[in-house]
Amino acid sequence: MIKIKNLKKYYGKELVINDVSLEIKKGEIYAIVGHSGAGKSTLLRCINGLENYQEGSLKVFDQEIKDLSQKKSKELRMLRKDIGMIFQNFALMERKNVFENVAMPLRTHYTQCKFHAKLFNKEYMSEKEIAQKVNSLLEIVGLDHKNKSYPRELSGGQKQRVAIARALALNPKILLSDEATSALDPNTTKNILELISKINAEFGITVVLVTHEMDVVKDIAQKALLLEHGQIIGSGAIDELFLRPNAKMKEFLGESDFLPEHGLNIKLYFPKEVAQNSVITHMARTLNIDFNIVWGKIEKLNGKALGNLVININEKDKDKVLDYIEKSGVLWEVAS
């Protein structure tokens with residue numbers, strides 16, 4: 001659905017997106033993560049054609065965005081119809097009520113005059129159909145009782161729900177979210193993420209999240225890409241990224257391993273199918289050995305509890321311990 005290969009984007013002489021490649025498949029929730037200035041919002045704006053890029057390829061629905069931006073404005077407008085977007089600041093019209101804000105894309109894209117539709121070859125939607133569509137969207141986001149309210153009368157979470165309804169008005173296949181929860185409190189953030197997950201599951205909409213909030217990524221993303229100074233420092237499935245981070249990712253996440261100098265340190269990764277099993281206690285009893293637990297942590301990733309653990313064993317027990325671990329289905333590596 002979205003394929004990016006060796007993408008480079010410059011602002012003047014400054015390289016802000018540096019050789020980025022990724023693929024986002026239909027129906028995925030994909031996070032683009034980074035600190036402020038990492039280039040994540042710029043990358044998002046390249047995806048929907050709001051920013052040009054100088055090198056590489058960026059295809060959405062198998063269409064090269066650069067070609068559409070430069071030569072085919074009508075095709076680019078049609079592509080954007082299939083891409084909804086929500087923002088940190090909600091981007092609502094303050095002088096229009098909730099209903100009118102959500103109806104705006106429909107009234108802009110469609111004509112409400114059959115004569116104009118025929119004369120100018122435009123798509124037609126009646127006011128009755130618009131009202132039905134808007135009311136349906138407001139029901140989906142839980143704001144059907146607020147249709148006549150104005151943005152100033154809404155909480156931050158309610159404003160974002162209006163923005164989500166508006167983004168869904170033209171039945172997009174992709175929903176882009178640019179720091180959509182960063183201005184919200186934790187409880188409201190949780191509710192908005194649940195709504196986005198529901199929309200993804202029920203309508204099959206591909207979701208691309210730009211965020212600096214790790215909890216957002218862990219809550220709903222299936223895959224992620226981590227950017228630093230416009231470069232990828234990690235990408236892949238969420239459990240792999242957070243349970244087996246590389247050195248750059250550990251630095252990015254502010255993590256470090258403190259390990260004993262004596263004995264053999266083994267880091268264990270518990271995939272979802274064995275995360276709840278008492279592998280370690282069974283191993284101690286079966287092999288009749290002693291070992292120390294150095295540290296461990298459990299992460300809730302996409303609603304599943306996954307964990308890793310570092311144990312310190314005697315060097316003489318290495319072969320039988322590793323053989324037991326292999327047979328248990330637990331992933332491992334010698335930590336150093």
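Residue numbers in this text run from 1 along the chain shown.
Note: Cβ is positioned from N, Cα and C throughout, glycine not excepted.
Noted in Swiss-Prot for the protein shown:
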BINDING   Gly34, His35, Ser36, Gly37, Ala38, Gly39, Lys40, Ser41  ATP binding site
DOMAIN    2-254  domain 'ABC transporter'
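Mapped onto this structure are the features recorded in Swiss-Prot.
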residue	record	CB count, 10 Å
Gly34	ATP binding site	23
His35	ATP binding site	12
Ser36	ATP binding site	8
Gly37	ATP binding site	13
Ala38	ATP binding site	23
Gly39	ATP binding site	21
Lys40	ATP binding site	25
Ser41	ATP binding site	18
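Under the three-state DSSP scheme, Lys40 (ATP binding site) falls in the helix class.
Other residues of the chain with a Cβ within 8 Å of the Cβ centroid of Gly34, His35, Ser36, Gly37, Ala38, Gly39, Lys40, Ser41, the ATP site, are His212, Leu227.
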